[in-house]
Amino acid sequence: MFFTISTHKMSSIADRNDGSIFDGLVEEDDKDKAKRVSRNKSEKKRRDQFNVLIKELGSMLPGNARKMDKSTVLQKSIDFLRKHKEITAQSDASEIRQDWKPTFLSNEEFTQLMLEALDGFFLAIMTDGNIIYVSESVTPLLEHLPSDLVDQSVFNFIPEGEHSEIYKILSSHLLESDSLTPEYLKSKNQLEFCCHMLRGTIDPKEQPTYEYVKFIGNFKCLNNVPNSAHNGFEGTIQRSHRPSYEDKVCFIATVRLATPQFIKEMCTVEEPNEEFTSRHSLEWKFLFLDHRAPPIIGYLPFEVLGTSGYDYYHVDDLDNLAKCHEHLMQYGKGKSCYYRFLTKGQQWIWLQTHYYITYHQWNSRPEFIVCTHTVVSYAEVRAERRRELGIEESLPEIKADKSQDSGSDNHINTVSLKEALERFDTSPTPSASSRSSRKSSHTAVSDHSSTPTKMTVDTSTPPRQSLSAHEKSTQRRSSLSSQSLSSQSLGQPVTQPTMSQPATLQLQSSMSQPVFQFSAQLGAMQHLKDQLEQRTRMIEANIHRQQEELRKIQEQLQIVHGQGLQLSSGPCVPKIHRTDVTVPEMFLQQSTSGLNFSSVQLTSGNSSSVQQLAPGNMQGQVVQTNQTQSGMNTGHTSTPHMIQQQPLQSSASQHNQQNVLSGHGQQSSLAGQSQNTVSTPLYNTMVISQPTAGNVVQVPSSLPQNNNQNAAAVTTFTQDRQIRFSQGQQLVTKLVTAPVACGAVMVPSTMFMGQVVTAYPTFAAQQQQPQTLPVTQQQQQQQQQSQQDQQQQQQQLTAVQQPAQPQLTQHPQQFLQTSRLLHGNQSAQLILSAAFPLQQSTFTQSHHQQHQPQQQQLSRHRTDKMTDPSKAQPQ
């Protein structure tokens, strides 16, 4: 029984173990299934991504359009990478590590600099020798403009002996027709040869000069060459008969000079009308240079200041510049010719200068020269030089104009291979006449405004032209608005000389535009001529006016020095045909702007030979000064006066010069009309001719008491030797002179009064102390002449001639200042002035006295007039 129970227990345990094992297996299967599903998903994702990459890589492989399996794609990719690795290794071996091009330069600028450094230029030639492109660097090297070479045959610029060799070199690739494929053109086919090229000249008649050059280049296949006409004519071969690559193959070369140039001519103008300003001395040395000059000429201002402009000019231009500068010094302004200026980079640049002379604002003397320099191109220079030489483009040629733009694609003209071969077979070496004709025509003047290209026809080849092509070329030329030229050409034999073709070519349109430009230039020249003539007339008028003033000053000096009394301004100079004249005492009274010499008479001792004098005019200047002395304000104002001089009667009587003389009964009266109650001193000036130089003239305000002869004349003086005047009484001064020989009595104009300066005391000062106005001798006058010049701008005087020589007591308180009176043994001329300040009251008086034969009666008569003013009233 125990065994049975144990067996039963063991069976139950076994069943229980089997169930647990099954459950565990189920769980493990579930886990494995989940893992497998997850792994399958990731594997599928990886395969999909791999297929996508293989497909993309297969699409990038060239050559096969069919579908490739994965292994093929991978194999070709491996081959490409291997080849690329080899190419990279080769490139790294031949690569130059140094960076040649600076970062601040563009490709065009760097190319231009490299060409200048190599003394070379780019040239593109078709297989037949037609030039389709040339760089601008050809101008400083060969003196050709790019427009002179484009669309021309290269054989026109090569000596005849080298034509066949050059043509064989250019056509050498034609022998290998099998290899003439785009792949061959892209491969290495470098070609080098040397030859001579013609240098350009301004005058086509000059002897041709050739430069030895070297061509280094290769053939290129151009895909963008337009199917344009060659020299304005369409080819005769149909386009279908030509190879597809024929007119798109050209020889691109770098042409270098065998002998480098140390100083080159820089003719490329980057920006038109570039200019800068400078200032020069009259010796043409730099005084100033503005900020625009360094980018153009390379010099900084401090590098050229003080140097002569002639140090920078070309030796061939010195003669023309010297003539231009002479014209500048003659006319004051002008325009220079075209000349070459040496820059700091040792290159010649063409300039034209407009200059003018500036003058000092005070003395009008030439100070310096202001110049405005403008940069010009070689095309303008050559056109101007040819116009000066009178060269006209009259040779038989057909011109077609094109507009060239550096930023646009170059217009390339081609010709068929058959035409080139015919030309080579017919005339491999053009004649001398043909070459000279081409030489004279390839340097045609180009219009710088539209930059047209001059195209000519090779005269050794019969031109071919259709009507439609002629119409197209005519429309193209008219649309470009350049020189309108059309021509007709007739078939000529190939062997016919070039000089026989002018009859076959005719100009059909007039040169309207050049005529218009010439008219505009002629009008500008005429306008400039009119301005110069007007300026010349103004300068001549100024010179005449200055000469007239100088003549007047010379006459004034002659009057002062006694070399002849002549008046240049004024209606008349009165003359007295008496030798001995004495002027009587003068009576002054107040007046306004008008004073009349009603009757000024000069009577001789015997009362005979009276001659009337013509009236003269005299004007004064206005001088205002205010002086206050002893509480009295006296305004010294000299207003303009018009003095009418009436007929004068002359008389003379002579006395000894050593005695004190008095007037001999001669009189002159002044009649004035008072219009304003203004206190104005009158300046009366007398011109006196004296035969000797030792005379002293005194104008006393108080006469000496010890003079017995004039005892009656001082009865009104007080003990303190002061003259007393009443409120309404006028001031009377007696002037006594000695009889002298006088040839003329003159009332000069005010222009001479600048040489006379006097010192005037006020009326208050005259009442305090006696005054004597002596004229010092020559030594004292010269010492005080400097004081006279300072006062002559403040006072203006008038003069009346009168001989005088009193000998009175001298009181050196105040002196009468004169200029240039007594000089050596010459006849002295004395200008006296006496100013008498009047009280601020109106005096309306006129005096007329009778001639007294004796001195006592005259003195008594003068005393009565001073004491009793009623006697001085006009009768």
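From the backbone N, Cα and C atoms, a Cβ is placed for every residue, glycine too.
Annotated features in Swiss-Prot:
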DOMAIN    34-84  domain 'bHLH'
DOMAIN    107-177  domain 'PAS 1'
DOMAIN    336-379  domain 'PAC'
MOD_RES   S38  phosphoserine
MOD_RES   S42  phosphoserine
MOD_RES   S408  phosphoserine
MOD_RES   S427  phosphoserine
MOD_RES   T451  phosphothreonine
MOD_RES   T461  phosphothreonine
REGION    420-507  region 'Disordered'
REGION    628-674  region 'Disordered'
REGION    794-813  region 'Disordered'
REGION    842-875  region 'Disordered'
SITE      R39  site 'Interaction with E-box DNA'
SITE      E43  site 'Interaction with E-box DNA'
SITE      R47  site 'Interaction with E-box DNA'
Integer mean pLDDT for the domain 'bHLH' (34-84): 86
Other CB atoms within 10 A, centred on S38 (phosphoserine): 10
Separation of alpha carbons, R39 (site 'Interaction with E-box DNA') and R47 (site 'Interaction with E-box DNA') (Å): 12
For S42 (phosphoserine), nearby residues of its own chain (Cβ under 8 Å, 6 or more apart in sequence): none
Cβ atoms near R39 (site 'Interaction with E-box DNA') (within 10 Å, other residues, all chains): 10
